[in-house]
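Have a look at the structure below before the remarks.
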Amino acid sequence: QSRQPELFAALSLTWGTATIALVLRLVARRITRISLSWDDYLAIAAYVTKSWGWSLTHNAGAQVGFGLLLKDTGLPPEQALRDARRDLYIDELCYAFSLACSKFAILALYWRMFSTSAIRISIIVLAVCSLIWLMIRTFLTVFQCVPVKAFWDKTVPDAVCIVNEAYFFLGTVIVHLLLDLTIMALPVVQIWKIKLTASRKIGVMILFLFGIIVCSASSVVIIFSFQYHAEELEMSWNVAWIFIWATIEVNLAVVSACLPMLRPLFTE
């Protein structure tokens with residue numbers, strides 16, 4: 001039994017899509033001869049962070065058996081679990097930072113597009129909420145166990161692990177999903193008020209509402225978080241579906257942040 005084909009397919013296909021979207025975004029900027037702005041740099045940061053996490057996960061899948069039953073990893077059980085949990089720890093940090101950068105990139109784009117004070121207040125509120133989400137999630141990830149090393153090395157004496165991983169996944173992903181839904185819905189009314197042709201309005205709406213796909217992936221992550229039990233010996237096997245859908249989610253978040261900027265490619 002192996003979930004590695006699904007894991008590597010999700011990693012490769014969605015990472016490739018995110019790569020193409022980011023490259024096209026930069027090409028569109030060059031076509032319009034407009035210098036890069038904050039939303040561009042944030043989109044790049046989201047991509048680079050997740051690319052590092054992607055390479056780490058690929059390495060983990062190949063070497064420590066993500067998506068495999070413990071007996072199939074070819075490693076001593078203690079080593080396989082330790083290495084898998086260490087890589088999971090790092091990837092959790094990459095996941096949160098990349099998602100937050102994608103949120104900030106979209107909000108920075110909104111800030112440039114909409115000059116009305118009413119929507120800018122909402123943008124600031126959502127940016128602050130996203131920053132708080134990132135800070136809390138990062139803090140809880142880093143200090144799930146004290147000392148930190150005890151998260152992946154269960155032989156550390158006198159360690160204290162106060163965070164329930166399943167509830168942690170569930171709670172932070174639900175908040176993240178609610179933020180995404182609000183961010184995606186924010187420009188709907190405003191876009192309809194802008195003086196654009198009907199076809200352009202529909203086109204812009206389609207680009208923004210691509211984020212719904214990201215939200216759908218978040219929902220699937222929530223479902224699998226219910227089923228995750230960190231202390232089970234088959235952690236590498238059980239966490240695979242969370243990895244698969246979280247990877248789809250974070251890479252498509254980069255795509256969602258890039259899509260609204262691609263219009264010059266089709267008009268020039």
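Counting starts with 1 at the first residue shown.
Note that Cβ sites are derived from N, Cα and C of the backbone, with glycine treated the same way.
TrEMBL labels come from automatic prediction, so no person has curated them.
For reference, TrEMBL has these:
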type	residues	note
TRANSMEM	7-28	transmembrane segment
DOMAIN	24-267	domain 'Rhodopsin'
TRANSMEM	93-111	transmembrane segment
TRANSMEM	123-146	transmembrane segment
TRANSMEM	166-192	transmembrane segment
TRANSMEM	204-228	transmembrane segment
TRANSMEM	240-262	transmembrane segment
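Listed as Cβ neighbours of the transmembrane segment (7-28) (distance under 8 Å, sequence separation of 6 or more from its ends, same chain) are residues 36, 40, 43-44, 47, 50-51, 54, 57-58, 61, 66-67, 240, 243-245, 247-248, 251-252, 254-255, 258-259, 261-265. This prediction places the mean pLDDT of the domain 'Rhodopsin' (24-267) at 82.
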